[in-house]
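Over in TrEMBL, the protein carries these features:
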- ARG125, GLY155, ASP176, SER223: S-adenosyl-L-methionine binding site (BINDING)
- GLU224, GLU227, HIS228: Mg(2+) binding site (BINDING)
Amino acid sequence: MVEGFQGLFFLRFLGIFCIDNHVICKEGQFNFFLSIVYSENQLSWTLPIKPWIFSEYRIMWFKSCKMTFVCFNRMKSYRYPWTRLYSTSGTTVDSSEVKTFLALAHRWWDEQGVYAPLHSMNDLRVPFIRDNLLKTVANHQPGKPLSGMKILDVGCGGGLLTEPLGRLGASVIGIDPVAENIETAQRHKSFDPVLDKRIEYRACALEEIVEETAETFDAVIASEVVEHVTDLETFIQCCWQVLKPGASLFITTINKTQLSYALGIVFAEQIAGIVPKGTHTWEKFVSPEMLESILESNGLSVQTVAGMFYNPFSRYWHWSENTSLNYAAHAVKSGAQEHQVPAESVLKEETEELQATASTIAGVREEVKK
């Protein structure tokens, strides 16, 4: 990071002016300035918003060593900072998120539309899933490398990822809580008789099929999903239950960083319109460290975490060593016995083995004496 940045530059595509470490942004009804402070290893943001612009909102300041936020919420939706981020209700589905995706259900297969980044993401996520699954298979059919595998695509939307996996030979079930999304997916796959046989779609949440599909799948895919659920831990537990022992869980999501807020929310949604407004909630983003902790504590061993970067100008995704924006994770379910056997049982088994060994030694000694 450059230290002591000074100067003046103009970014036409953002409508942003920067004068002596202060960025002045004016886009529609947005009228605020963003002060950027560079240090050797840290980028600090300060976002003071003119109070008369949001006069109907209650203004609150949250300060930390890294960032100063101005949070504006209507009083009726005010949430105390110590409130749990994820609910403990019986469903992982957020009804407000459902409404957002319901309005866009007919646009899934428009490759130039709002879901263009997801179409482009297939260039990374399909090989990522395929190559990691093939590590567990000795032989595979040319052209159908995933033949014989059962995959669950959670939050499949219109089937953008489900169909490529089906073309690789896998038997795929795609589920989504938005019935209109499933209708779009059904209609699209009906044009391909081969896919029509390999893919099944259901309008439901993950927790609704846990019992009937326990230890059924060779892989579960949750691509761009975990940042939309209401209870992440419950969601991961459900994934564990439907996976076979030794099977894989694949996740792509957004890191919870200052940069993801600036680019993923402010730029992508509010300024550039790459993503529809209201698609993401920054509080629901999860860091790789937090995700790994939840996965490991629920019997899933993390194998790979890789950064992903989307170029809005070329509309292509690239792998990156930096995970501060998007990233992909691959985890493997531990064996059922390994996950379920408590420490006391393991200690008991070891004690019994030692006792058996001692008895054998004692028997040998008696034979020697005779």
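Heads up, the Cβ atoms here are built off N, Cα and C, so glycines get one too.
Note: TrEMBL annotation is automatic and uncurated.
Keep in mind it's a predicted model, so treat the numbers as computed, not measured.
Positions of TrEMBL features highlighted on the structure.
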residue	record	Cβ contacts under 8 Å, 6 or more apart
ARG125	S-adenosyl-L-methionine binding site	LEU161, SER223, PHE250, THR252, ALA328
GLY155	S-adenosyl-L-methionine binding site	ILE175, ASP176, PRO177, ALA222, SER223, GLU224, VAL225, HIS228
GLU227	Mg(2+) binding site	THR253, ILE254, HIS280, THR281, LYS284, PHE285, VAL286
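Highest Cβ count within 10 Å among the binding-site residues ASP176, SER223, GLU224, HIS228: ASP176.
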